[in-house]
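Participant: Take this structure first; my questions come after.
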């Protein structure tokens, strides 16, 4: 059964159909990529799925439950986690505290316990701290854990955001351009990390511009253009689709543009 | 320095200062000033949780101080409640009221939230001023003595009213600072700092942003209420000024001046703004002018507030 089911999803901004009638599904352990030219509506689609935008039309089902229009923090409780294209890091907090924020659902408790520093609170916080340390080691940020997050490099912040998203122990992870701005080595690391996560049974929904990465790791690709789904299928099928080639390269131009752009 | 060690260090410094200050007091009058500083600091520590931690503003927290103060005046007079229990009653009423009004107004952000809280503060102060039959109106009303001093005297411990309230306020401040420092390094504190940084990111990691803002608002309201109660009890008298707009502004100014993210900074800000007017009386009618100038200069050269700026300078020299 599908973990995430998108059905006829759409939203308009002031008459402009930013996303229109998009449907697809993601199974556990599957890597599904959403690709398309700039402005195709990929991030808008992510924002609707993760509850940041209220969809105008259609539905989102998570594990069989209709979750259309449910608040992001409720979706987090149901196992949906995400990263952002334009990084949403808690800049003023330490690297460790950023990941600990991701453990919120696990370490939260009564506010009285927090004010009085009761043993229960300290135990919860200590557990979260242990696990946060492991996650930071996994994305190779364990040595930076005491630093203010705002001081990290762009590539490191990308990894930190993934670590924070993983702290939720999600069943489905939405990654919005995780490799953007990363060098070849960093991209390869992210590639490997995504494959590992999928192998452990997490469903992955990916927006990415690096076509080599997308073609290599995706099980299934959904292509958007002008807010509409123009094609979907496995990487080989999609890359041969004339509509997809037209969307990326333009219909009339014959320039040998690089599809990696 | 780990957070836990930092907490105990800060509390130890605060405790030592509170205990040692009387050694340099030239007269008994200074116990009154000290007690006033501690009570102001207590309400400002509450604002540090709201403003510094959760990133929300309130220009109406004197309203909660007013509720706490008048609870101690009204409940013993009309309900026959012990003044100490009246303090608890005031805190409960303030907390419930904060819960009730916080839910709708914390949806607002920035200036809009400032204006909405301002409205709340003005409302409380108007009720206290106009309900003459109950509150005595602008003339205020007397507050019953808490009655602990005679008890101490019976136990053979003779202390003046000034000394007694200095001790009580100092202990209250220490407890308030301890709880705030606990909160700072707790799951709730992290959630508040996270939503301060990015509400969108906070909600996607499962933080109920509205709920955490409300918690900060209620906690800070209870701080202000307890501080207001202590002020009323030690003065033996209250007027509606305690809930007034100027008092709200004073509280926020103390928090910002000391450094809004820091508990010790809050105490420093409260101390300076409580002491300055006393010192500046030598300037007679220019007192307010000099006070304003001092505040402008501090904010220009130390926009982070006094304590964070001083700490940075000390650390910078150490490296």
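The backbone N, Cα and C atoms fix where each Cβ goes, glycine too.
TrEMBL: automatically predicted annotations, no manual curation.
So TrEMBL lists the following for this protein:
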type: TRANSMEM; residues: B:12-31; note: transmembrane segment
type: TRANSMEM; residues: B:37-55; note: transmembrane segment
type: TRANSMEM; residues: B:85-103; note: transmembrane segment
type: TRANSMEM; residues: B:110-128; note: transmembrane segment
type: TRANSMEM; residues: B:164-184; note: transmembrane segment
type: TRANSMEM; residues: B:255-276; note: transmembrane segment
type: TRANSMEM; residues: B:288-307; note: transmembrane segment
Participant: Is it the case that the transmembrane segment (B:255-276) and the transmembrane segment (B:37-55) touch, counting contact as three or more CB pairs under 8 Å in which the residues of each pair are 6 or more positions apart?
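Facilitator: Contact between the transmembrane segment (B:37-55) and the transmembrane segment (B:255-276): present, because at least 3 Cβ pairs are under 8 Å.
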Participant: Considering only Cβ pairs under 8 Å, which range in B:37-55, B:85-103, B:110-128, B:164-184, B:288-307 makes the most contacts with the transmembrane segment (B:12-31)?
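Facilitator: Ranking B:37-55, B:85-103, B:110-128, B:164-184, B:288-307 by Cβ pairs under 8 Å to the transmembrane segment (B:12-31) puts B:164-184 first.
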Participant: Please check if the transmembrane segment (B:164-184) comes into contact with the transmembrane segment (B:37-55), where contact means 3 or more CB pairs closer than 8 Å and the residues in each pair are separated by 6 or more positions.
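Facilitator: Answer yes: the transmembrane segment (B:164-184) meets the transmembrane segment (B:37-55) with 3 or more Cβ pairs below 8 Å.
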Participant: Grab the same-chain neighbours of the transmembrane segment (B:288-307) for me: Cβ-Cβ under 8 Å, and only residues 6 or more beyond its ends, written as numbers and ranges.
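Facilitator: Sequence-distant neighbours of the transmembrane segment (B:288-307): 253, 256-262, 264-265, 268-269, 272, 276-277, 280.
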Participant: The transmembrane segment (B:85-103): which same-chain residues, six or more beyond its ends, come within Cβ distance under 8 Å?
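Facilitator: Counting only partners 6 or more residues beyond its ends, the transmembrane segment (B:85-103) has Cβ contacts under 8 Å with 64, 67-72, 74-76, 120, 210, 213-214, 217-218, 220-222, 224-226, 228-230, 233.
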Participant: Which residues, given as numbers and ranges, are at least 6 beyond the ends of the transmembrane segment (B:110-128) yet have a Cβ under 8 Å from it?
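Facilitator: Long-range Cβ neighbours of the transmembrane segment (B:110-128): 56-64, 66-67, 70, 101, 135, 240, 243-245, 248.
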